[in-house]
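A short worksheet on the structure shown next.
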Amino acid sequence: MPSSWGKIFKVSTFGESHGTSVGVVVEGVPAGIPIRLEEIQKDLNRRRPGQSNLTTPRDETDTVRVVSGVFEGKTIGSPIALIVDNQNTISKDYENLRTTFRPSHADYTYQMKYGFRAHVGGGRSSVRETIGRVAAAAIARMILKDDLGIETIAWVDSIGTVQSNIGDKYPKSREEVDQNEVRCPDVGSADQMRSLILKMKEAGDSVGGTIQCVSYNLPPGLGDPVYDKLDGDLAKAILSIPACKGFEVGSGFSGTLLTGSSHNDEFYVEEGTGRVRTRTNHSGGLQGGISNGEELVIRAAFKPTSTIFKKQNTINLKGEETILEAKGRHDPCVLPRAVPIIEAVVNLVLIDAYLYQRAINPQWFQKWARIPDYYKDLEL
C-alpha cells in the first residue's frame, strides 16, 4: 500500500484510525533547521476532532512526539519521526461493518483490492491518516516561510448551496480564517453554513462543499514541464485527501466560459521592484506547470461525509443485500477540518518543488531565497 510522497522532502505516513498510533517519517530535511514543536502542535490542533459541535465528537488531544531526527531543537539531517497516539477509540461501534459495506465509503474497494481490511474506524482510509501529513507539513511551512516568505492560507468557500462572497479579496492570515468555527472569512455566509451543517447533523445526514487556497510570495520557477508540472503534483496531492472529489487551478472550469483575449494574463513590469507581474491571474500563478510569481490559487471540492446515520441499502461480504444503520462518531461536514489539511498538502508539494529547484539551480536559490541565519551557523 503506497504511503509515501515526495522526491527530496519525502513523507511516509503510517497508522490506522483505531490502531495504537499514527504518524510520519520525514526524510530530506536539511540539517540545522530549528524545529518549533509548538508550531507543529498548533497545526495539529486546527485539524483535530472534537474542536466544535460541527465536527465529530471523537475527543483526541493529538499530542505530537518527536522521536528522531531532532537534537537540541534542530534538525540533524536524518529522518524525523513524529508520532501521535490514538486515545479515544470505540471500536465496538464498528462491529456491524466487519461484513457490511458503507455506501460511497472505501470499505468495499479496500476489501476488493486486499481481501482483508481493518473495518474499525475506516482503518487506513480514515482522515486520521492526515495527521502525519499535517505534522510533516508544519516543518515544510516553517522552511518555506523562513527561506522564501511563502504563506499558504485556505478557507471554506462553500457549504452545500451556501457560497461565500469574498470574491478575490483573499484572507491574508489564519487568524482571519479561524475567527469562526466554520473557517469561512465571510462572517455572514459562515453563519448560514453553520446552520446548514447543524441541520444536517440533526437529520443524521451530511453535506459537502469547497475549499479555496492561496499561496502568497511564490517565486517564479517552481515546478517542472510535462510530467512533473506543479499543478499536476498539486492535483495528485489534493485528490489524495479523503472525501476530496474535485480540483481546479485559477479560473478552473469557469475559464472555459471566457475567450482567449479575456482569459490571457498580460505581463507588465512592476514599477519600483522591476518584477515581472501579470495584470490578471486566471492562470492561478501557474503556466506550463511552473510558477510565474503570482499568487497560487486553487480550489478543492469535498463530497458529503459518506458515513451518515440514516438507514441505507447496501450489501454484505456474501454479496447479499441488507440495510445498514451506521454507528460511531463522524463529521456531518468535513470542510472545517479539511482547511488545515489542504494547507498541509499544498505546503508538502511546494517544499519538494523548492528543494528540488534549489538543488538543480543554485543561482535561482541565490536570487530568490532569503538565507536564514541558521544556514550560516552550520560548521562545515
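We count from 1, first residue shown onward.
Heads up, the Cβ atoms here are built off N, Cα and C, so glycines get one too.
For Arg47, the entry in Swiss-Prot reads NADP(+) binding site. Here Swiss-Prot flags Arg124, Ser125, Ser126, Gly288, Lys303, Pro304, Thr305, Ser306, Thr307, Arg329 as FMN binding site, drawing on sequence analysis.
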- Message: Taking 10 A as the limit, how many CB atoms besides its own sit near the CB of Thr305 (FMN binding site)?
- Response: 23
- Item | Spatial separation of Arg47 (NADP(+) binding site) from Thr307 (FMN binding site) - C-alpha basis, Å | 19
- For the residue listed as 'NADP(+) binding site', which residues of its chain lie six or more apart in sequence with Cβ-Cβ distance below 8 Å? Asp62, Thr130, Ile131, Val134, Arg337, Pro340, Ile341, Ala344
- Item | Extent of the FMN binding site in Å [max Cα distance among Arg124, Ser125, Ser126, Gly288, Lys303, Pro304, Thr305, Ser306, Thr307, Arg329] | 43
- Query: Where's the emptiest Cβ shell within 10 Å among the binding-site residues Arg124, Lys303?
  - Reply: Lys303
- For the binding-site residues Ser126, Thr307, the largest set of other C-beta atoms within 10 Å encircles the C-beta of Thr307
